[in-house]
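According to TrEMBL, the protein carries these features:
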type	residues	note
COMPBIAS	572-582	compositional bias 'Basic and acidic residues'
COMPBIAS	606-622	compositional bias 'Basic and acidic residues'
REGION	571-622	region 'Disordered'
TRANSMEM	107-128	transmembrane segment
TRANSMEM	134-158	transmembrane segment
TRANSMEM	170-188	transmembrane segment
TRANSMEM	200-219	transmembrane segment
TRANSMEM	240-269	transmembrane segment
TRANSMEM	359-383	transmembrane segment
TRANSMEM	430-452	transmembrane segment
TRANSMEM	464-488	transmembrane segment
TRANSMEM	509-534	transmembrane segment
Amino acid sequence: MAGSKTCTYGDETCWVVAQDTEAAFFRCLPVASTSETVLEEVCIDPEGADPTCTLDRYENGECNTVCNTKRAHKEVWEVEATGGTNPLLTQLQGNLQVLGRFLNDMYAARSVVLLVGGLGALILGVVWLIVLHFFAGCVVWLTCSLVLIGLLLLSLFCSVRSELISSEHFSGLSFMNATTIDTTALATTSDENTKLQFKAAAYVSWVATCVVFLLLVAMRKRLKIAIAIIRESSKAIQKLPMLLIWPVVPTAFFIGLVVYSVAVAAYLLSSDDLTSAVKQSAATFDVSTELSATEELPAKRLQQVLLAFHVFGFLWTNQLLQAISICVIAGSVAQYYWTPPSDSGKRELEARFPIARALGYTLRFSLGSLCFGSFIIACVQFLRIMLEYLDRNTKQIQQANRIVRVALLAVKCCLWCFEKCIKFLSKNAYILIAMKGGSFCAASARSFKLIFKNMTRVAVVNSISFVLLFLIKLTVTLAVGLAVFALLSKSSSLSLSADQLSLLGGETVTSPLAPVVVACVLAWLVASAFVNVYDAAIDTILLCFCEDTELHGDTASEFMSEELQRIMGGDAPHREATDGKPHLIHVSPKGEGKSTSPPASPERPNAPHEETVVEKMEETDI
């Protein structure tokens, strides 16, 4: 700092700066403009009179403190900035002020952000779950209707702008109290190129509208199946409420993985160059002796190899955590589906802790298959990273040769599509592994066969679930953002007072913008975790349903809900309750009653044996 003769930091000696500075982010930033004034008064009549009484005294020895005339001596020290501005210093000062206000508002509203953004988002997710349980059909059909209406309005808009439909066609229309419709805003004059573009868009949108309408009409039954599967998934999560808390476990492991990976990467990147030394085993050495020549790996290349190995390990471990999470959710939901409902339609699970049971089966019987599947995905992701590294280091070659640039872009696109396909197949393979056990390759082949045979069902369910789940995340995030803004904004009638904020452990904020943004991000993360569980449950119920129809044919089975049985056009075989557990009564060729129940095994813990089900089908047909 200024005025210091010596400057030390720890055990090291630092340069002395002859200027006042202030500490910020472990750096000394110079103070742009400061001033210091020193005022000193000196007595000149009598000269030398001062309070210390060292020069002038009365005859009796007392001090002379009376001064007739004083002279003021003023010294002003000013430090001014140079003529040119320091852009870095100006930017740091501005950003630091904004960041300080941001952090201060965040700390002041921490309780509101955590309660509304975390707990409130989870409660809204549960509300959506209940809504889809009771009103799944209304939500799905309303969503489809809104999509169709949106396409129709887009087609009309493009048709009017391209003058395929003249504004005169709307002049005679009336709606409620309106006698005319003003279309001057739509029918603005434009050049021929714009009209041609709108004409092409109009044709495409009209074709899309007709295709969507025909698909909705042709796939009514499959839409009903999708609604039933979504409703059954909601029932499964309500039966297994601990699944909503399960994402905390893989998230905690993922955070630990990120911390470990960042620390190891920092050590690798900050490591010094490796040095080698020859250790002589004797005082003398015969130079005529032949030695074996060895090739050493340069330190820089060794560092790159270790870093690449570390990155691949991170990718593999991350995919393994996701695979275990999917397998646990799928195993729990599969136990729910493969438990036949009673006469009242409820399913009573045999396991007291189905999630713990699914986790135990996953770690005991399926960990190798999950490691292999995650290894394949990690390899594809690592190839994409290496290709991106190659792309960034060959910019000059790509600028000189356009073919190389196009080839790299094509390979990157192909790898991206390949990764998406591998992830889709792997997810369904994990579900079948959790349902029936087996190796990854066998489960992948089986899941691909099921998806190929039920392509339209899978497409409809995935499309509907994608729209619904995105709608859940969007509505939860917007609701949380509006709630936090209403609670913290001073102009809102719902704003919390200073006393209410102090009860929650918070303080008054200068602006609600920062807490609203952070609360929306937190709500999006919580909603995404909830949606991922719901998505895995929907996919599991869908594959269980496809496996059920594969074993029993397109007829109702004992494991389907009553809604699915009605859609499939029949009723399941008669159920008879024995010892509180549902069983099936079949008629054998000899006319004797036979009671069977789906057995479980370590290899297939959550699904019945195929041979047993085939035998049931043959006996039922007879």
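Glycine too: its Cβ is placed from the backbone N, Cα and C atoms.
Curation plays no part in TrEMBL annotations; they are all automatic predictions.
Same-chain residues lying 6+ beyond the ends of the transmembrane segment (134-158) with a Cβ under 8 Å from its Cβ atoms: 165, 186, 198-199, 201-202, 205-206, 208-209, 212-213, 216, 223, 226-227, 230-231, 234, 464, 467-468, 471. The transmembrane segment (240-269) shares the most Cβ pairs under 8 Å with 509-534, out of the stretches 107-128, 200-219, 430-452, 464-488, 509-534. Of the recorded ranges 200-219, 430-452, 464-488, 509-534, the transmembrane segment (107-128) has the largest number of C-beta contacts under 8 angstroms with 509-534.
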